[in-house]
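The annotation transmembrane segment is assigned in TrEMBL to B:31-51, B:63-84, B:105-123, B:135-154, B:229-249, B:284-306, B:313-331, B:343-363, B:370-388, B:485-505, B:525-552, B:559-577 (among others).
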Amino acid sequence: MTTQTITRGETVLDARGVTMRFGGLTAVHNVDLTVDSGEIVGLIGPNGAGKTTFFNCLTGLYVPTEGEVRFKGQVLPPKSFKVTAAGIARTFQNIRLFANMSVLENVLVGRHTRTKEGFWAAILRSPGFHRAERASRERAMELLEFVGLAHKAEHLARNLPYGEQRKLEIARALASEPGLLLLDEPTAGMNPQETRATEELVFAIRDKGIAVLVIEHDMRFIFNLCDRVAVLVQGEKLVEGDSATVQGDERVVAAYLGEPFEDAPGAEEIAEVEAAEAQAAPTTDAAPGKESDR
Amino acid sequence: MTTQTTAPKTPSTPAGSAAGLIGLPPRLGRALATGGGLLTIVSTFLAWTWTQDFPGDLTINGYPGGLQVLVLISAVLTTLLGLASHGVKGLGWLAPAGADAALKFAALATFATAWYTVIAISVELGGLVNLEPGGFLVAVTSLASLVGALALPFQRPEPDPLDPDAGRVERVKHRSAHTWETVKAAFTADRPRPLGKLPAYAEILIIVAVLAVSLTVFTYGIGTEYDELFIGFLITAGFGFAALSKSGLIVHASQITSRHQNITVCGAFATAALFPFTQTDDQYATLGVYILIFATVALGLNIVVGLAGLLDLGYVAFLGVGAYAAALVSGSPSSPIHVHFPFWAAVLVGALASLVFGVLIGAPTLRLRGDYLAIVTLGFGEIFRITANNLDGTSGPDITNGSNGISSIPNLKILGWDLGAQHDVAGFTIGRFANYFFLMLIITAVVVLVFRRSGDSRIGRAWVAIREDETAALAMGINGFRVKLIAFAVGASLAGLAGTVQAHVTYTVTPEQYYFAGPVPPNSAFLLAAVVLGGMGTIGGPLIGASLLFLIPNKLQFLGNYQLFAFGVALILLMRFRPEGLVPNRRRQLEFHDEAEAPAVLGKTGA
């Protein structure tokens, strides 16, 4: 623990009793979550469960109404730019790149907290300024190399295809040299191949010693990737555990698919419904029901 | 636009095929355009009218004068482009993007200028009878040249499929949309072919030539003595510039200048410094100084608006603070503080006062975003003016002398050089305004330096990031408030810097100079317009925008009360057809147009 090298098992993020209320609405209620270094933790839950609100509490965009979030033992400051400086970087659910800046410039903006050159340094252009600028560019190019976008460094961010924009957002977040990376639905809208590639990328990030917390709806992605998964339902943490535990938990299935009826339909009713459907099928091409939703 | 009526009425023309807007054989059209241009050149050497009542003396055979010179220039351009479109050897460099579209614009320039002149002669002198044969000739030849140019083939766009159930209104709408597309396609050029690498000395020579041409054009525009000539100048310059940009020369020139950025910037300043030497008296140097003050302040505003994206509608107040501060310590008899600071100290005082004022206004207001910020800054700008009006000893403490302002500000004396007196240097007479022009040029250089260096650095990227997406920028660790305050303060001090010189140039500082909107620039509305018109986030944009916005009201006095109206119409048209401004930032160009029209890769000059 005394050395600077991050060993697995050290708690990086420690959220205790985080509650977020908007007026009368409690979006997140009393959630505890820890993330250890070198760990990939998933956060899942149905739509509107409060995942992104919880993320925003972790990144200083919201200040939790109750509870506290500690990062490496320090209580997080209430401003998002200070949180980034402390070592938590994030991506956004709907990509928020600086669309009219080049790919390289986007990553350089990510370096902001790790460089110090101010206005006067920019005007006077001392050797120190040039050195820092060069170092930043080298580091940014390394990161672009890492996510596989180095050949597009001079393109405008807006001209990148969707999947590469996601990658660029991750590179930009990594540029702030975080101890913890928060990914908000990194594979939304991706095809299976792109999702696979993202998986590899997240593993590679983990191997750099960076802890990762992922929100995602793609269950296969989550269960392949994560060491631990927490389920958030209606603002509260339902279960937490490894993939098998979560997958096997009835409450999770119920939260996603809904509870069975009080008295589940008997064979008689099912036959009745099937007969009615068979009659209706030739005239209407009705949307398939839940039974056929494999 | 007269061409719109000549647009294809024949729906039988297969879409996608190549045919001209006017149904003439392309070879004939090409010959007609070139020949028309050639004959127009000849006709400018003839007399166009019999009396010297029309300004510019168009009565002399063998010596073009006034508007004839403009027609001559555009006709030469037309002829050269015509020859280039014939594929004449040695002229290929003239049209790297194909000569046809450029030829159309050049012919349009010739036609518009010539017909404007002919019509102006007939109207002002009362009837066609006042035209000499030369006048009729130029009308016919320039028209022939335009008709020929319009007959050149181009790639017709496919019409959008029309809903067969569409009503009559929709049919008309559809047809006019297609017509408009066709006309637009007729004037569209290809992508210019890539520019090969030239030897360095050749490229530098080209830069020198470009700068020389710009100086000539600018000097000519500033020196136009009567309304007709200035309007003619605007027509020729506008269409001529369009022709050059369609020919691809502008793209090539900007590629060359971006290869040698430092040389270009230094060269541009050297060229600007030559301007007073082209003037024989101080009459037009005055305009030069005022334009330079206006342009410098606009460039400062461009840091705030163009880079950081903060819409500041009260920017002229910072110019005012600088001017007042400098006036107070200038030793003027009407200043309540009876001190006389040397210039360097006055500049520091002016810039610092503006800086403090900027931080005071910025600290509470920069927590607002977008429209709210605009409204609050607008309010603060007015508060400054009204406060300056009230600090007259009766409504408040006696500081600014109220609406009388601080008058008789003495001329500056820097290192023994009296800026108020005339000097003779190497045979050239340098008058008072020329002196101040040089001083102002130094201030402009400082602002350009600050703009370039801060824009391409950590702080500049943070500004752009804030402009692009404030939430994401905060999440990237940028202290938004601090960074915006720096932009605001830098912009304010640069305006204050310009204000210190302005106080001495105008002798008097009064509150009326710092309205939000008024017929005379600089005021906040015109400053913002100069930035938007010229192109946000560029250096050249505000300089060109400010020159135009200063010159046009100044030269077209006959517009009188319609000045602001005309200004509004012009802005609307510009926003409709060229929303990225006259000098587009490459980023902006990508923002407003499809990718096909703009480069996909952001070069080094993008910022």
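The backbone N, Cα and C atoms fix where each Cβ goes, and this holds for glycine too.
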Checking B:135-154, B:229-249, B:284-306, B:313-331, B:559-577 against the transmembrane segment (B:525-552) for Cβ pairs under 8 Å, the most are found for B:284-306
As a test: from B:31-51, B:105-123, B:135-154, B:370-388, B:485-505, pick the stretch that has the greatest number of Cβ pairs under 8 Å with the transmembrane segment (B:343-363). B:485-505
Return the stretch with the most CB pairs under 8 A relative to the transmembrane segment (B:31-51), choosing among B:63-84, B:105-123, B:135-154. B:135-154
With a Cβ cut-off under 8 Å, give me the same-chain residues at least six positions beyond the ends of the transmembrane segment (B:284-306) that come close to it. 222-223, 275-276, 312, 315-316, 318-319, 431, 433-434, 436-437, 440-441, 443-444, 447-448, 450-451, 454-455, 463, 487-488, 490-491, 494-495, 498, 501-502, 505, 521-522, 526-528, 530-531, 534, 536-539, 541-543, 545-547, 549-551, 554, 585
Residue list, the transmembrane segment (B:135-154) vs rest of chain: Cβ under 8 Å, 6 or more residues beyond ends. 3, 6, 18-26, 28-37, 39-40, 42-44, 46, 48-49, 58, 71, 75, 78, 82, 85, 100-101, 103-104, 106-108, 110-111, 114-115, 117-118, 121, 185-186, 188
Quick test of the contact rule: Cβ under 8 Å, at least six residues beyond the ends. What residues does that give for the transmembrane segment (B:313-331)? 297, 300-301, 304, 337-341, 345-347, 349-354, 357-358, 361, 374-375, 377-382, 384-385, 388, 399-400, 406, 409-410, 491-493, 495-504, 509, 511, 513-516, 522-525, 527-528
